[in-house]
């Protein structure tokens, strides 16, 4: 009776802890990722005392965004943008590297480009949900809204439908394309290009937005050095040529400016979202015959630079005030950008240049006042030297009151004019830097409440673990050491960026510990077995270079598999053969006339999809007999092939579910093994081809652990360490840029947020889910060995680890909320903690694992 009461008490604490974890996450997120308030309404010109607003040199804008257009793609040697480089060389184009602040994903970058402001980091999540409309800019001041307010023509848009989500009811003509069908390189751009010629002949628009996605899709699929990259650059350069030639040909386009830019760049893996040099350095080019008067001689193409800084560097937010001056509209209210000074000579009158600078400065000063209070308006500063001010805010106020007195307008004081201009531009930069680095409007109360709820979940999980777990001191000490060390490292940005090393070393040390502990077992203690296990772990560790410091460095994939695709396909086919063989053995009780055709058909279907997918993704890997095999499997679309695999897997579930629900004894364990094999096929389907051989190494480690007869604590510790180690081995990291979207649309022809979300999660957590399934099999072996309430003890320890790590992450994010890397390191880490806690822990380990364990252990 006492034992039952203890068990029920532990279960109560365990349930409460797992309910508190998502509650803590949501409460903390509400305080950590709040929407920033924006001033509504449109900006108007002020009477600055320098005459009317200067006349704009342009009346029409073609704004061409090439997604992930890194600066070297346009400016460096070997670029496909030869016509664009020719315009720069001849003085008809001004090139820049536009700094894109983290997070480097499309939605927040478009917000920065159009408003000139700093978007919320929460837009990273909204960027993944094409059905979301909560992030609209319909009520905010943007250069699109200003161009519409001019009533000088219509607005048209073709390309990424993110524009339609951000600006509903803004465009008079539009055709949006989905930004996440990353397997499409061609049609997604052809759907944009087919509208261009007709629109260029039209005279009824003043703004045309084009957003091309193909280059970004190539990056996600095959990286920046893909064989498809330069041809795609040439295609985009051809669009630039077509538009520029029309500007020279059609009279109604003679005062048109063409802007070519990237919303962000990409890293060496072809992804984006973090803050590496490649991700934050997109190209920006202004093009028009009128720019000849302000251009300077430039060397084109430029040598390749590892920092991707070509020509002058500007901020993406500088686009808003620059376009305002060039096209004749007020700077948007929430802008923090500074006009690009290279364009000032386009206004020959000194009063016009001063008007442009002061209009930009006064608009930003309003934001500074809103941030620091009305005390900024009081002119209590003496002299012209403001460098002695104690705070940045007071220095900005002092400088403003000096600048607001205006420059000398006597043309004889040209030197003073230059100095005053530079002082205004410096003030704009200082204001931009100060406002950009300010802490977000965190809700400290919510942060404290979220952390307190997480701490309460930790306490409940600790009580449940104490009541549930019985084990040796050595195993408990190892578990506690991993948990405490992992939590502590959350306070160091470098350790967060390079977290994979912690798990690789932990996995190696743990395997050595298990080997030493069972060295008296003759076979398992042999040097050869231990060597195979440790070599397998070393191969896993070196498979993909991830993190920040060594991202893109040589690894096993780059050194051996990509240069030798035949070796890669031997390993891939070996992985499929392993799964097929295990499924054959697990279903051997079925008649051969049933199990062999079904299993072989399912395996061949999965292999044919992977062949076709890789041929689209990285055709250079499909060589030799594999290419010959590809010609034999027909011309079905990738969507149809993926659907065939998913349908086959769904139908194959009937047999293991029958074993789990209608049989007893060892048959149920066989049913779980069949399910594990079927999931492995699904994981291979959702995994990049170069990562598939890793499952062979995982299987070696699984076999070793199965033979060790581990305790509950040892199984749980093994599961935690190998789930995290395998996640990083597959190329994962704590950067948004490592999120793999290449398989997010397998089998899907139309956007469905649930299906895409599930497929994206499986793609990125394929290995941890595999280890969760393998852990269930290990736990059932312990159940068979009469080890007590096995699953409850396992979940108690898992919950303790998750609650502890979540509490540490929340504490780090709160304590370091003013840290330089809060948005580039700690905020992405919190998002990943959400994925690990809710997705992997609650949905997979507790939910799916609990269901499988219950089915496999009933009346066993």
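Every residue, even glycine, has its Cβ placed from backbone N, Cα and C.
TrEMBL: automatically predicted annotations, no manual curation.
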Worksheet item: Can you check which of 476-495, 496-515, 596-615, 616-635 TrEMBL lists as transmembrane segment?
Response: 476-495
Discussion item. Between 397-414, 415-432, 523-540, 541-558, I'd like to know which one TrEMBL lists as transmembrane segment.
Written reply: 523-540
Response to the item:
Which range of 370-389, 450-469 is transmembrane segment in TrEMBL? It is 450-469
Item to complete: Grab the same-chain neighbours of the transmembrane segment (12-35) for me: Cβ-Cβ under 8 Å, and only residues 6 or more beyond its ends, written as numbers and ranges.
Response: 120-122, 440-447, 449-451, 453-454, 456-458, 460-461, 463-464, 467-468, 792, 795-796, 799, 802-803, 806, 810, 813, 817, 827, 830, 833-834, 837-838, 841-842, 846
Worksheet entry | Annotated stretches the transmembrane segment (838-856) and the transmembrane segment (751-774) touching (3 or more Cβ pairs under 8 Å) | yes
Fill in: Tertiary contacts of the transmembrane segment (523-540) (same chain, 6+ residues out, Cβ under 8 Å)
504, 507-508, 511-512, 515, 556, 694, 697-698, 700-701, 704, 707-708, 725-726, 729
Fill in: Closest-packing stretch to the transmembrane segment (450-469), where packing means Cβ pairs under 8 Å, from 476-495, 566-585, 795-818
795-818
